[in-house]
């Protein structure tokens with residue numbers, strides 16, 4: 001006689017359970033303690049919040065100027081936003097380390113060698129990874145010594161230092177209290193100790209300044225001497241990220257381009273472009289570091305409550321506020337020239353107020369806009385007086401600048417473009433205005 005029907009049902013059920021268990025073990029491996037530990041680790045590292053005051057493992061911008069802050073197997077893309085898994089941006093890191101952890105990182109500055117310039121280098125234990133456009137370069141990872149002879153493994157931090165800021169194109173590597181200055185061209189290493197500087201867990205070059213991060217704090221330092229000027233450490237949540245109830249950026253929103261208005265704009269002799277609005281200014285030439293607003297008094301200490309007009313001439317920046325002129329050396333740090341501010345009349349031979357001002361490259365004429373009049377003043381003459389004036393076809397000009405592509409004058413969130421100051425002054429046909437764009441000001445449509 002055969003088995004009862006209910007016995008057959010039980011046997012079939014047990015066979016199915018056994019088969020499914022075998023399939024699970026084949027595909028995923030045994031459900032052992034290590035697997036549980038990995039699951040716990042993933043849960044532990046899930047979605048860290050940098051506003052809790054965490055310590056970054058590494059900081060580096062990519063070739064497009066997006067800055068990445070690394071912590072464990074996560075990163076933050078930019079100065080705001082939520083944490084994301086690192087392998088979503090740099091997937092090969094997970095192939096070599098289950099956490100995708102990064103010891104140190106920097107963006108290479110080596111214009112003489114295009115095959116490495118702007119590449120991001122990640123350091124993990126004794127290996128180095130080279131990425132470009134978020135893709136791992138062929139032949140990587142390598143032993144650190146192959147690409148950077150004389151540089152130790154298990155680094156704490158790294159940061160690039162271009163020629164002009166350092167004596168040559170270099171990289172600063174940090175390990176404990178030791179700093180290794182690596183010359184990119186000669187591949188030589190100079191070892192030094194900056195005992196006064198905290199042990200850096202990450203380092204960052206931003207807007208030609210150098211920052212050592214330690215814990216949730218940072219200390220700004222000179223890349224050649226390690227000198228620290230000012231009161232440090234400072235809490236990074238006040239400066240390098242948007243955190244509620246911290247600093248000037250906690251609840252800041254990126255403005256719409258249609259809402260942007262400028263009080264002044266200028267480019268200095270080194271190519272740095274500054275736009276001023278209200279109490280703040282923004283560097284517009286820093287697409288490699290992103291655009292960010294700062295209080296005007298942060299750079300030009302004596303200037304408060306905004307500006308009326310700004311222009312650059314002979315390695316100096318002239319800031320006009322009311323009937324006063326402040327003149328600063330362009331080179332960082334900006335230093336007020338002794339004897340200033342002076343009155344507009346004493347400095348330029350005019351009375352205020354001034355709506356806009358600009359000087360074209362390799363010229364010595366400052367074009368002052370007051371209402372619908374443009375007054376030309378020869379900065380090489382003594383005393384300075386109005387040499388020429390002309391009516392303008394545009395009313396309500398609030399800012400103006402002269403660059404390689406001509407003259408731009410701003411009215412609200414629009415601007416007018418003329419090839420030369422003369423065409424601006426003597427054109428009787430009003431140009432079609434153009435809108436301020438995200439590429440210009442970092443605003444949103």
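Cβ atoms here come from the backbone N, Cα and C positions, even for glycine.
As given in TrEMBL:
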- 248, 292: heme binding site (BINDING)
- 51-243: disulfide bond (DISULFID)
- 161-166: disulfide bond (DISULFID)
- 200-212: disulfide bond (DISULFID)
- 360-402: disulfide bond (DISULFID)
- 199: N-linked glycosylation site (CARBOHYD)
- 53-93: repeat 'Hemopexin' (REPEAT)
- 99-151: repeat 'Hemopexin' (REPEAT)
- 152-196: repeat 'Hemopexin' (REPEAT)
- 197-243: repeat 'Hemopexin' (REPEAT)
- 259-303: repeat 'Hemopexin' (REPEAT)
- 304-351: repeat 'Hemopexin' (REPEAT)
- 1-20: signal peptide (SIGNAL)
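Mapped onto this structure are the features recorded in TrEMBL.
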{"residue": "51", "record": "disulfide bond", "Cβ contacts under 8 Å, 6 or more apart": "237, 241, 243, 244, 246"}
{"residue": "161", "record": "disulfide bond", "Cβ contacts under 8 Å, 6 or more apart": "109, 169, 170, 171, 172, 205, 210, 223"}
{"residue": "166", "record": "disulfide bond", "Cβ contacts under 8 Å, 6 or more apart": "172, 181, 223, 224"}
{"residue": "199", "record": "N-linked glycosylation site", "Cβ contacts under 8 Å, 6 or more apart": "156, 174, 176, 177, 214"}
{"residue": "200", "record": "disulfide bond", "Cβ contacts under 8 Å, 6 or more apart": "156, 157, 174, 212, 213, 214"}
{"residue": "292", "record": "heme binding site", "Cβ contacts under 8 Å, 6 or more apart": "79, 282, 283, 442"}
{"residue": "360", "record": "disulfide bond", "Cβ contacts under 8 Å, 6 or more apart": "402, 407, 421"}
Beyond the flanks of the repeat 'Hemopexin' (152-196) by at least 6 residues, Cβ under 8 Å: 58, 103-113, 121, 123, 125-126, 144, 202-205, 208, 210, 212-213, 221, 223-224, 226, 228
Count of other CB atoms lying within 10 Å of the CB belonging to residue 243 (disulfide bond): 20
Stretch contact, the repeat 'Hemopexin' (259-303) with the repeat 'Hemopexin' (53-93), Cβ-Cβ under 8 Å, 3+ pairs: yes
Count of other CB atoms lying within 10 Å of the CB belonging to residue 212 (disulfide bond): 28
Non-local residues, at least 6 beyond the ends, that sit with Cβ under 8 Å of the repeat 'Hemopexin' (53-93): 42, 45, 47, 99-107, 118-120, 122, 124, 129, 131-134, 136, 157-158, 201-204, 206, 213-216, 235, 237, 240-242, 249, 286-290, 292
Neighbouring C-beta atoms (10 Å sphere around the C-beta of residue 402 (disulfide bond)): 24
Average pLDDT across the repeat 'Hemopexin' (304-351), rounded to a whole number: 94
